[in-house]
Amino acid sequence: VGFKAGXKDYKLTXXTPEYETKDTDILAAFRXSPQPGVPPEEAGAAVAAXSSTGTWTTVWTDGXTSLXRYKGRCYGIEPVVGEENXXIXYVXYPLDLFEEGSVTNMFTSIVGNVFGFKALRALRLEDLRIPVAYVKTFQGPPHGIQVERDKLNKYGRPLLGCTIKPKLGLSAXNYGRAVYECLRGGLDFTKDDENVNSQPFMRWRDRFLFCAEAIYKAQAETGEIKGHYLNATAGTCEEMMKRAIFARELGVPIVMHDYLTGGFTANTSLAHYCRDNGLLLHIHRAMHAVIDRQKNHGIHFRVLAKALRMSGGDHIHSGTVVGKLEGERDITLGFVDLLRDDFIEKDRSRGIYFTQDWVSLPGVLPVASGGIHVWHMPALTEIFGDDSVLQFGGGTLGHPWGNAPGAVANRVALEACVQARIEGRDLASEGNEIIREATKWSPELAAACEVWKEIKFEF
């Protein structure tokens, strides 16, 4: 017999500390927690093997191909400071292992099987370096930040949004009315909640028609371009496309998709349609916490964000730093920059394990949403800068006088912060003062400040 069968020691073939990574390799950083007694090199090598060419035993067909050319390699292991049994394993994958333009295939290869590995207690994909050669096979976001600003004719400030609540139970006519009030009051966008698809109490077509009416009425009265994220997410790709096509026929500017529950394949199809037909695409990340919340197992959100930029979306929800959902400031800013910028330097303090060059892939606007209100406005404009969408759901609709005054309060607070910044004031330290001054000439803002002055989500 020409080779020895039986379970093999992955370390022999797949741990290659001397390997020099190529510009075309896809690089991954895994946080691996091996079972007691399993050395980290063996665990890292096992991850490299099973997510590329390896199987658990030597097979006859290994002789029919060139493993040296196609195998994943674990080229570095570093201990995690302050944690006993955990290491960061760096793995390089040859580009030929992946289908062009398919986020789906990339994930199936890299995270498809290895997360159930017996030798590991837990495994987390912390970051991916997507090589330029692979980036170039993706269309990416349908339009990107600059084109969106040009379409909306809104410059030099963050955009304002609002999720219509109660998320489930309104009839289409009342839903459209809520949309109109918010847009009329001064918001740029309103949003379907992620779980509003087409339920018995409000079918999608009725909602689309009433929302389109609300958009056009508000546009005519304010002289500003308005939008409502019409959620096209559906049970089948065909139905999703049908909804997107109907939105285009109504002439509205933007549709929305839940990219994790809807799936990357559906999302990429929708993104291509949106670019071909001039629709902006708002992406919601429902289900992300299932994947990214555990510190030692799963996939970090920065990887899901990179994947979305490749698959395509013009906005994506990315945490708030200040509201009700968790997210540490530096880490959040790390993936916010990954979404917006062309080139991001490796910076471990922000959780960025690799330098990422996006070449000319358009950027994505980060959306801050979840438990934020007018008092957060200075912090949000300071943290996220101009290229962002700030979304106040309850922070608009919870206004004691109703939706339109709630929208007015948010718009006034935003404009006050932008003006203060232009005047050179420090938003971080003078934030509360800036908002207080603005309340003097805006009764709507004064009422909002009164309602939310005590609320904090602290756990």
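Just so you know, glycine gets a Cβ as well, placed from its N, Cα and C.
When the candidates ARG285, ARG293, ARG340 are compared with the substrate site entry in Swiss-Prot, which names ASN113, THR163, LYS167, HIS317, SER369, the shared residue is ARG285.
Comparing Cβ neighbour counts within 10 Å across the binding-site residues ASN113, THR163, SER369, the minimum falls on ASN113.
Its own atom aside, the Cβ of LYS191 (Mg(2+) binding site) has 30 Cβ atoms within 10 angstroms in the protein chains shown. Of all the recorded positions in the list LYS165, LYS191, ASP193, GLU194, the shortest Cα-Cα distance to ARG285 (substrate binding site) is found for GLU194.
Same-chain residues that are not part of LYS191, ASP193, GLU194 yet have a Cβ within 8 Å of the Cβ center of the Mg(2+) site turn out to be THR163, ILE164, LYS167, ASP192, ASN195, VAL196, TYR229, ASN231, MET256, HIS284. The binding-site residues near LYS191 (Mg(2+) binding site), taking a 10 angstroms Cα-Cα threshold over the set ASN113, THR163, HIS317, SER369, are THR163.
Rounded to a whole value, the Cα-Cα separation of HIS284 (active site, proton acceptor) and ASP193 (Mg(2+) binding site) is 9 Å. Looking only at the recorded positions LYS165, LYS167, HIS284, ARG285, HIS317, the densest Cβ neighbourhood within 10 Å occurs at HIS284.
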